[in-house]
Amino acid sequence: QLELPVKYAVYLIVTSGEASTTYLNFTTSEKTIQTMKHQYKFTNLGKRSLPISVVFWVPVRLNNEIVWDRPQVTFSPNLSSACNTEERSPPHSDFLAELEKTHVLNCSIAVCQRIACDIPYFNIQE
């Protein structure tokens, strides 16, 4: 077990925007395009700037059918960020059994895109 001394407190708040999509009903037989939008606000209430990493997991394919096409992450123009994207396969191969149990499409049954963004200097009250 390792120890890491903490020199100062970090006060970071993440809130979801009211304009975010909360629910989307779809079937794979329908080929209509629907737009989903999620907004998150990150607020640094601390006394100093700090580096942060933000990671998004987005289900993009289920049984070789596209469920979310070309997910994008954008930041406020005043933030400098670098994002890396990679696809990850699901740990469960029997997606039908999992969907019957939970009725939730997530990265345990779908191929997901992992989008990791590093923000080297997240200023106070940004």
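Even glycines carry a Cβ here, placed using N, Cα and C.
According to Swiss-Prot, the protein has these features:
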CARBOHYD  Asn25  N-linked glycosylation site
CARBOHYD  Asn78  N-linked glycosylation site
CARBOHYD  Asn106  N-linked glycosylation site
Neighbourhood of Asn25 (N-linked glycosylation site), C-beta criterion under 8 angstroms, separation at least six: none
Reduced DSSP assignment, Asn78 (N-linked glycosylation site): coil
Candidate with the highest Cβ count within 10 Å, taken from the glycosylation sites Asn78, Asn106: Asn106
Cα distance (Å, whole number) from Asn106 (N-linked glycosylation site) to Asn78 (N-linked glycosylation site): 32
